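Taken from Swiss-Prot, the feature domain 'EF-hand 1' covers 9-44. Residues annotated as Ca(2+) 1 binding site in Swiss-Prot, with sequence analysis given as evidence: Asp22, Asp24, Asp26, Cys28, Glu33. Positions annotated as domain 'EF-hand 2' by Swiss-Prot: 45-80. Annotated Ca(2+) 2 binding site per Swiss-Prot: Asp58, Asp60, Asn62, Thr64, Glu69, in sequence order, evidence recorded as sequence analysis. The domain 'EF-hand 3' annotation in Swiss-Prot covers 82-117. Annotation comment: Swiss-Prot describes Asp95, Asp97, Asn99, Tyr101, Glu106 as Ca(2+) 3 binding site. The domain 'EF-hand 4' annotation in Swiss-Prot covers 118-151 and rests on sequence analysis. The feature Ca(2+) 4 binding site is assigned by Swiss-Prot to Asp131, Asp133, Asp135, Gln137, Glu142, with sequence analysis given as support.
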Amino acid sequence: MEETALTKDQITEFKEAFCLFDKDGDGCITVEELATVIRSLDQNPTEQELHDIITEIDSDSNGTIEFAEFLNLMAKKLQESDAEEELKEAFKVFDKDQNGYISASELSHVMINLGEKLTDEEVEQMIKEADLDGDGQVNYDEFVKMMINID
C-alpha cells in the first residue's frame with residue numbers, strides 16, 4: 001500500500017479520536033474499548049465482529065490497535081474517499097444531462113472529445129459491457145464496477 005501523507009492537523013484530529021477509544025490511556029485500543037465506543041453509537045456488534053475489526057487493523061497481531069495502526073487505517077479510509085470523489089467527478093463528465101445515466105450518445109460525445117473515433121457499434125458494445133441491469137444505459141453503480149474492473 002502506498003503511503004498517504006497526512007497533515008499535522010489530521011494527525012492531531014486522529015490522535016484525539018484515538019484517545020476517545022483508548023479509555024484507560026495505555027496507548028492501545030482493546031476489544032472492550034472498541035465495543036464501548038461502537039455501542040455508544042447505537043450499534044451492537046457481536047464479539048466475533050469486534051475481533052474481526054481488531055484483526056483487520058492489528059498489523060502486529062498483538063490483539064490491540066496502537067496509534068500507528070489507527071493512523072494507517074484512517075489514511076486508507078481517506079484514500080478510499082478521495083477515489084470515490086474522483087469516480088463521482090468522472091461520472092459527471094460522461095453524464096452530460098445529469099440524469100444519473102450515461103447514454104450511448106453521451107459516451108460517444110465524450111469519446112469524440114477525447115479524440116477517439118468510435119463506430120456506433122463500438123459505443124453500443126461499451127455500453128452493453130457496463131450495463132449490468134440491461135436498461136441500455138450505464139448508472140453510477142455500473143460505472144463504478146466498470147472502473148474498478150479496469151485496474
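Glycine too: its Cβ is placed from the backbone N, Cα and C atoms.
Cβ proximity to the Ca(2+) 1 site centre (mean Cβ of Asp22, Asp24, Asp26, Cys28, Glu33, cutoff 8 Å) flags the following additional same-chain residues: Phe21, Lys23, Gly25, Gly27, Ile29, Thr30, Thr64. Same-chain residues lying 6+ beyond the ends of the domain 'EF-hand 2' (45-80) with a Cβ under 8 Å from its Cβ atoms: 1, 3-4, 6, 10-11, 14-15, 17-18, 21, 27-31, 34-35, 38-39. Take the mean position of the Cβ atoms of Asp58, Asp60, Asn62, Thr64, Glu69, the recorded Ca(2+) 2 site; other residues of that chain with a Cβ within 8 Å of it are Cys28, Ile54, Ile57, Ser59, Ser61, Gly63, Ile65, Glu66. Within 8 A of the CB centroid of the Ca(2+) 3 site residues Asp95, Asp97, Asn99, Tyr101, Glu106, the other residues of that chain are Phe94, Lys96, Gln98, Gly100, Ile102, Ser103, Gln137. The CA atom of Asp24 (Ca(2+) 1 binding site) is located 13 Å away from the CA atom of Thr64 (Ca(2+) 2 binding site). The Ca(2+) 4 site is set by Asp131, Asp133, Asp135, Gln137, Glu142; from the centre of their CB atoms, other residues of the chain with a CB within 8 Å are Tyr101, Ile127, Ala130, Leu132, Gly134, Gly136, Val138, Asn139. Each residue in the domain 'EF-hand 3' (82-117) gets a DSSP state, and the totals come to 23 helix, 2 strand, 11 coil. Under the DSSP three-state reduction, Asp131 (Ca(2+) 4 binding site) is assigned to coil, being neither helix nor strand.
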